[in-house]
């Protein structure tokens, strides 16, 4: 919930003003809601009225909804969407790593692409990751580094309280810039891809809803505090990545912390993407699924693919925006609400149906607006 996008929240407030603060709260509420209804789709009532977990993955939910059309159509769509989003996330971490190394060592005559290769070399051990336990430990370190970064930025901003002014907030908004802010805020909360696995591995799955409420609540508080203090400190001078606003004596060590965070963040989406591919392969040939050679081949191919796309994809930021608008909105808003309506329609109250339909419409509009803005940007770049 506290990913790289958090560092762009102050910049989002620059373009969204007071509405940005409201958006941070609403995004937390909507993402928490779609997480709950997605998990609800994993369960069905038995003859005694007890809820039984009859599905294990996002793919199983999709297949259940589309079984009349094709037994595997829904799962195929979800798997492709998930893999695309996860791969694009991995590529983003490589691009960010190259950018951070370039800014941290500006006097070294090396390009950002070359720095990305250096970052790639440090990620080669990901080929040998076989269990979620290793990934979870790396993610814990990642969270620790992230909180250090947030603490440093907020502490510095508090030293600048004497120059804070609410007059820095805008009342008038530019529509396209506002849409950029919406995308940054919403996608800083996305975690739906991992929720079925997370809930299935909890010692007490009955506490999942409570856990989701508290994590989104604290995430909302932290994001609001971070974005607000940073924006009030720099106002119109707020940059896209807020750490670029820090004084030089803080910028380099914080950038190195960010680099560490980016590298530690990479294994989770990488592992999730390869596991999806493994699960698809296992359906056709279970014996090859456990083949060490096949495992190394798949992981190595994914790792190399992320490097090549990070280095050679032109105008990556715009393409990332286009991909995020399609896959991010679909996995976070469109599919959970659609699947919930499909599987639970007869048992939902009128208000629950209205809520699901409203979330679907919101997700569709966000996705459509993001696609239009991204395509417009690409057309402008390519003349």
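Backbone N, Cα and C define each Cβ position, glycine as well.
Among the ranges 115-132, 241-258, the stretch that TrEMBL annotates as transmembrane segment is 115-132. Long-range Cβ contacts of the transmembrane segment (115-132) within its own chain (Cβ-Cβ under 8 Å, at least 6 residues beyond either end) map to 94-95, 97-99, 101-102, 197, 201, 259, 262-263, 266-267, 270-271, 295-296, 299-300, 303, 306-307, 310-311. Most Cβ pairs under 8 Å to the transmembrane segment (20-43), among the stretches 77-95, 210-234, 359-379, belong to 210-234. Counting only same-chain residues 6+ beyond the ends of the transmembrane segment (77-95), those with a CB under 8 A from a CB of the stretch are 4, 58-59, 61-62, 66, 116, 119-120, 123, 193, 262-263, 265-266, 269-270, 272-273, 276-277, 280, 302, 305-307, 309-310, 313, 316, 320, 323-324, 326-328, 330-331, 335.
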